[in-house]
């Protein structure tokens, strides 16, 4: 007999699993689901182990299999990304960012980045991680018409302010940033270019989004759980010299991490191999679905941004819902209908705390097998709620709609023999 508190905990887990995995239309742009095989190998003995240091140079014994995994995973990512160096030890995208900033920017140095209101991540700004590093920041300018960095104005700022580091990539990221143009401007003043690829990492590996390392970026950072559908974690990849790569390694440990959540390595490795096999098809379908969702929303009288530009070239769709009460109100209403989105500031908003927009991503629903036809159905569900229909009535239809899309696609199948091997190795079967 288990304690009552454990039974209650298990009930919470089971309720959450059923709700989020089987009954909702999840459109959070920063989330995804792992394949059954990746989830299976995520349960392993590495979860309780330590491996401070680097491959072959650890501060603990008992790490020979950690070394094999970490070394193989880093080298495989490097090959796929055409990078000279990859560090998979950061436990998140933000930690990857902070370690790279620490290695590239001296105390008192200057960082140029997009503010949050233009889509920049909090870790790109002094409201987030940069605040702890004692650096100065300058804002990259925004081209409202093209929903992107203003290239000409950015060149002038780079020439005038001479930053040590320029951060590209974004949290609201509809169209590729002008990496090549910014890299050319950076070269003239000796600045490094970092591209935060967290949102588009899977699209890069799938070949449907430009690889920033091939366009002039010195470093990319990423998380491993958005369009790249692995476990939560981070990585750094660079094409810079050995001295800088060593500086990045020293920043990852001992400055910003001690242990590295080793249990995620195997699941990340499985996901990388799956993306090598299925990533091109998966990535193409993601971008296709995002555009289809935006077009369908527009037909329903809901206003996605970027119409003149084709709405999106990533997994994301951004919608101006100011006429429906703003982002916070709309996100809450949609959750009542089991449609999960997040409120999001749009570039013209006066306050990021009272956003006029919502942000959506189609990567998870795509992995459950949805296509352009389903995007039209989702747009209709959203429009019905926004136009005043009772969310609980829509919710019943959403739950029924999801019953057809339970199996995770673009990954390897598993059988009971594999499950038994893993569980027996951990003494989970008695």
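Every residue number used here counts from 1 along the chain in the order it is shown.
Backbone N, Cα and C define each Cβ position, glycine as well.
Copied over from Swiss-Prot, here are the features:
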- 120, 121, 122: (6S)-5,6,7,8-tetrahydrofolate binding site (BINDING)
- 226: N6-(pyridoxal phosphate)lysine (MOD_RES)
- 225: site 'Plays an important role in substrate specificity' (SITE)
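Around the Cβ of residue 121 ((6S)-5,6,7,8-tetrahydrofolate binding site), the same chain contributes 94, 97, 128, 169, 170, 171, 196, 198, each under 8 angstroms and 6 or more positions distant in sequence. Its own atom aside, the Cβ of residue 120 ((6S)-5,6,7,8-tetrahydrofolate binding site) has 24 Cβ atoms within 10 angstroms in the protein chains shown. Taking a C-beta cut-off of under 8 angstroms and a sequence separation of 6 or more, residue 225 (site 'Plays an important role in substrate specificity') has the following same-chain neighbours: 30, 31, 32, 231, 232, 233.
Note: the CA-CA distance between residue 122 ((6S)-5,6,7,8-tetrahydrofolate binding site) and residue 226 (N6-(pyridoxal phosphate)lysine) rounds to 17 Å.
A straight line from the CA of the residue listed as 'N6-(pyridoxal phosphate)lysine' to the CA of residue 120 ((6S)-5,6,7,8-tetrahydrofolate binding site) spans 16 Å. Within 10 Å of the C-beta of residue 226 (N6-(pyridoxal phosphate)lysine) there are 26 other C-beta atoms, taking all protein chains into account. Each of 113, 114, 116, 119, 123, 124, 125, 127, 128, 170, 171 belongs to the same chain as 120, 121, 122, is absent from that list, and has a C-beta within 8 angstroms of the C-beta centroid marking the (6S)-5,6,7,8-tetrahydrofolate site. In three-state terms derived from DSSP, residue 225 (site 'Plays an important role in substrate specificity') belongs to neither a helical nor a strand segment and is classed as coil.
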